[in-house]
Amino acid sequence: MDPNSNSSSETLRQEKQGFLDKALQRVKGIALRRNNSNKDHTTDDTTGSIRTPTSLQRQNSDRQSNMTSVFTDDISTIDDNSILFSEPPQKQSMMMSICVGVFVAVGGFLFGYDTGLINSITSMNYVKSHVAPNHDSFTAQQMSILVSFLSLGTFFGALTAPFISDSYGRKPTIIFSTIFIFSIGNSLQVGAGGITLLIVGRVISGIGIGAISAVVPLYQAEATHKSLRGAIISTYQWAITWGLLVSSAVSQGTHARNDASSYRIPIGLQYVWSSFLAIGMFFLPESPRYYVLKDKLDEAAKSLSFLRGVPVHDSGLLEELVEIKATYDYEASFGSSNFIDCFISSKSRPKQTLRMFTGIALQAFQQFSGINFIFYYGVNFFNKTGVSNSYLVSFITYAVNVVFNVPGLFFVEFFGRRKVLVVGGVIMTIANFIVAIVGCSLKTVAAAKVMIAFICLFIAAFSATWGGVVWVISAELYPLGVRSKCTAICAAANWLVNFICALITPYIVDTGSHTSSLGAKIFFIWGSLNAMGVIVVYLTVYETKGLTLEEIDELYIKSSTGVVSPKFNKDIRERALKFQYDPLQRLEDGKNTFVAKRNNFDDETPRNDFRNTISGEIDHSPNQKEVHSIPERVDIPTSTEILESPNKSSGMTVPVSPSLQDVPIPQTTEPAEIRTKYVDLGNGLGLNTYNRGPPSLSSDSSEDYTEDEIGGPSSQGDQSNRSTMNDINDYMARLIHSTSTASNTTDKFSGNQSTLRYHTASSHSDTTEEDSNLMDLGNGLALNAYNRGPPSILMNSSDEEANGGETSDNLNTAQDLAGMKERMAQFAQSYIDKRGGLEPETQSNILSTSLSVMADTNEHNNEILHSSEENATNQPVNENNDLK
């Protein structure tokens, strides 16, 4: 990988961190807050006081019952970040995003209907005899102007769209363009009795359609979840195909009429489609990213809540909002943007020149593919091939266009943008060349049927690939600060090339004076242009499948060319989401037990997989270790569930609810590289749960770097830090797999004699721990999450409260715990050294965070633990347990 790209990526992350912190503070103002009564039960972390199980129980109960959803700008009422991200995100519903995205695609239907309409109207006998100036037929020049001037209007409409959409919103722009601009143009066309008024009406309608074509894909991209973005934007092209088909069907039913209704009925029906879209938009939300653009975070949160189907205080929704806000603020810090900035690369817009070229080139090659030649002039062309019913053939081509757009909705997310465009372009090239060869060689009815068959193949390939994917890429490729302008430029490029093709095609194909009379030879031109488009796609298009709109910037920084972009796309997705894992995976390296892993890659996986647990019977006999049955995966018990259902199997009388609050991150002289989310595991360990990070001492340890990026600031990327962290994990694995030991102790609560064993799932004892819920923390660690169990050095470590602290803190394990903490202290010191020396107070904060007992243990346990550590300090650590 290019080291410069790695350096730029790292610099970008560092610079964005400050904006992430500021965005987090802003989002606090719209998050859940605790009532004053709840504050009375929280721990004063500054005094170091320890909460008892009773106070902890009361605090969690109050938190569950007293937090309410409010909007407020007074961020002082929210004490810490734990309110924002302490609870697992709820399962998001994709239904509303799908409905919104599909509905606004009606804008594409207007485009397709008007495009197909002119193809049929100019061939109607009544129109040729009453509207055409010579009352016989339209000349090549008249056809050229009549067809192309719609595209001229759309060109200007697309360029004006960003000014309206950035000033007043995406939603008002769509409403204004349909109910006013488009309807005015449509009225002129309905009332036209001659070619002049018909042309003027098409230009005005074109302005409305152009604005819609620039804003609808933009709205879809900004409102839709990333897992559906490609498919939803592709519905815009699908709606275009339906418009073409319906216009052909309507014209087929009216073309035989011998009065003005033959063309006025098809044109007048456009009032229905435009009114349907305009009225429906009143009930849809504004784009959340537009609200961020206008710094209206409360409205942005409400919009996201509507689109994602979760409450406004959901942690997953708030994290998404923080990311959107921080990315936009980072871009805005470089100043306002204009149309010129869309073509200039900068720190806030990496490879912007290439991105702009990619969007414009794709739109141009889409129009140069030859598709609009068939839809604009198909009826006339089929007439000249000897086909008896050209209207029927034209209708068939429209039907093929509709049908094959459906698989394209799935191809774009399943195969990715690059593969779909390359494969589709190759098929289109071959089909065009075959049509040209057959059309030039033979003049028979059989040859005409072969031509029609391969034209249908070309349309099928176009519809499933280039038709929708080009709009997807044009809508998602650009930073938020210039996104509306760039999308408008791409749409304008589409219409400009469309205008050129519509203007010159009659002169190229038709026979007569001042024409080239190419006929079927024009398909050689389309085939050659398709081949050029494939080359451009291969070299310039970056694979953006599965990335958020904000992650696309990182892709362009990391990847030097589009050819290698799929690798970096995979790296980014794996870092953020993790690829698909089996629900249960057995690690054979001797460092872990059977553990559950979340399927983070599949967005359709229910969100209750956020913390998976093992469910089913596991046979741990010496000769056979396998999972017998996994009926289902369930959530870790909630605070309320555990409070109501104490651990009866262990005789637990004082329940301890799980603490899912964030541990404050020590402030360093450098900003954290990425957001972190800490959970108190007890015994001096804090787990960074963000992106499945390992137990973390550094605030940026959740950052996953690829193997090519060794040298980054995280514990997973830095070679020396990674080695040290591996030592810690190896040590814990050694503890997990050490020989079972037992000590007979007396339960201080019940007075019963109990045997405490050193065992794991791989050395199961007779005392089955039915209530242990193991989670895979990665890197050889398994967490027993039931009742806040620490990393499962002991299978029954969650019973420490009920057993008077004798489980994990007895003298038999003191040396082991001391050795583990010694290694963590070494790692903390290496982290301090790496920072280049910090203030003494900062060093103390880091070391205390890594070594101190977390706040959720009781005073009794605290005393025993300190006593154990003192004993361990006076005894040398067993060399056999210290992994080299």
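Placed from the backbone N, Cα and C atoms, the Cβ positions cover glycine too.
Feature annotation from Swiss-Prot assigns compositional bias 'Polar residues' to 45-67 (among others).
Annotation source Swiss-Prot lists compositional bias 'Polar residues' at 642-670 (among others).
What Swiss-Prot records for 701-710 is compositional bias 'Acidic residues'.
Under the heading compositional bias 'Polar residues', Swiss-Prot lists 713-725 (among others).
As annotated by Swiss-Prot, compositional bias 'Polar residues' applies to 739-765 (among others).
For 857-869, the entry in Swiss-Prot reads compositional bias 'Basic and acidic residues'.
Residues or ranges marked as compositional bias 'Polar residues' by Swiss-Prot: 870-884 (among others).
Marked as N-linked glycosylation site by Swiss-Prot: Asn383. For Asn383 (N-linked glycosylation site), the count of additional Cβ atoms within 10 Å of its Cβ stands at 15 [all protein chains shown].
Swiss-Prot lists 30-67 (among others) with the feature region 'Disordered'.
The annotation region 'Disordered' is assigned in Swiss-Prot to 642-671 (among others).
If you look up Swiss-Prot, you'll see 686-725 (among others) marked as region 'Disordered'.
The region 'Disordered' annotation in Swiss-Prot covers 739-772 (among others).
Feature annotation from Swiss-Prot assigns region 'Disordered' to 791-812 (among others).
As annotated by Swiss-Prot, region 'Disordered' applies to 857-884 (among others).
Residues or ranges marked as topological domain 'Extracellular' by Swiss-Prot: 119-143 (among others). When DSSP labels each residue, the topological domain 'Extracellular' (119-143) comes out as 13 helix, 0 strand, 12 coil, counted as helix, strand and coil in that order.
The list of residues near the topological domain 'Extracellular' (251-264) in space but at least 6 beyond its ends in sequence, with Cβ under 8 angstroms from a Cβ of it, reads 116-117, 120-121, 123-127, 130-131, 190, 193, 391-392, 395. What Swiss-Prot records for 251-264 (among others) is topological domain 'Extracellular'.
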So which residues does the topological domain 'Extracellular' (441-451) touch in its own chain, when a touch means Cβ under 8 Å and the partner is 6 or more beyond its ends?
385-387, 434-435, 520
Arithmetic mean of per-residue pLDDT over the topological domain 'Extracellular' (119-143):
82
Spatial neighbours of the topological domain 'Extracellular' (119-143) far in sequence, C-beta under 8 Å, 6+ residues away:
192-195, 198, 247-248, 251-252, 255, 257-260, 262-263, 266-267, 375-380, 383, 390-391, 394, 506-507, 510, 512, 514-515
